[in-house]
Amino acid sequence: MSSEVLPASIEPPNVEGKPGASDSEEERQKQRVDAEAQPISKRQLKKLMKQRLWEEQREQRKEKRKEKRKRKKLERRCQLESNSDGNDRKRIRRHVAPSNLRLIIDCSFDDLMVLKDIKKLHKQIQRCYAENRRASHPVQFYLTSHGGQLKKNMDENDQGWVNWKDIHIKSEHYSELIKKEDLVYLTSDSPNVLKDLDESKAYVIGGLVDHNHHKGLTFKQASSYGIKHAQLPLAEFVKMNSRKVLAVNHVFEIILEFLETGDWQEAFFTILPPRKGAVPAHKACESSPQDHQALPGGWDSAIEGEHGRDDPGSPHKEQQGQQSSSVSAVSPDPQ
């Protein structure tokens, strides 16, 4: 039987791996041991203890957060119950009794306004919408002839308008939507003074920020369509030191206020901004008869300065006497 002898040049395999590998591992272990053996400072020890305590209290913090949420929920519920009388209008609306009265903003003057005034009209419409939503007796709100620059501006700057509730936004003219006998156009050039509001009627406010460029336009439009027209009884109750200009939203809010109170004077003085310097007309009469003679015959719901009082074509010409100042109702700045 023959035996084989390994050549002298062949060495047994190194079962411990490559040379130097074990040395490297030993060095790393030694470094870790040395690091653990090094004493830590009081600050580090305090930090470690704080971290450990934080981890131990994790569940307790969860429970505290749950309790806090429950407590806040209960507080909100109690607050709502305590405000059940309607004082908190943001959370609880007062008793709402919708009115049948239709209030229309006529937007058919789009091509007569520059973009700056279109934006102002848009803001005034936003205010009207917000006030109607909060009102005790909200009206049936219409925007008619909606399109052109106004619609484009609303699309670009107020995309939420498409989700507005309790409003009728129509591209058609108001005369196509409502019977002629039900329409009443509000304009300061009308010789008719409004004494009361008829909830079966539809009152039209001209949506035009004009700066006195188109005098008498709304009155002419009402006459051409053969519809009724009237002015609010502003001069009977109010004397203003400033220019007698009411924004679209002012006219809208005055009507909302009158529906709630049934009192024109209260409606005017609740809505008119302080900067107008408004005082009751009877007091102005007592203090200055001359000022009383200068009181205008009304206001203009559509544009600034429809028919000056000296205009030959003004329907106020026969009534004006010593009146010389014109009145308008749409301010270029929304309130």
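Any Cβ shown, glycine's included, is placed from N, Cα and C.
Straight from Swiss-Prot, the features:
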type     : residues : note
REGION   : 1-91     : region 'Disordered'
MOD_RES  : SER22    : phosphoserine
MOD_RES  : SER24    : phosphoserine
COILED   : 52-84    : coiled coil
COMPBIAS : 63-75    : compositional bias 'Basic residues'
DOMAIN   : 88-279   : domain 'SAM-dependent MTase TRM10-type'
REGION   : 279-335  : region 'Disordered'
MOD_RES  : SER331   : phosphoserine
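Looking only at the domain 'SAM-dependent MTase TRM10-type' (88-279), the predicted model's pLDDT averages out at 88. Helix, strand and coil content of the compositional bias 'Basic residues' (63-75), in residues and according to DSSP, is 13 helix, 0 strand, 0 coil.
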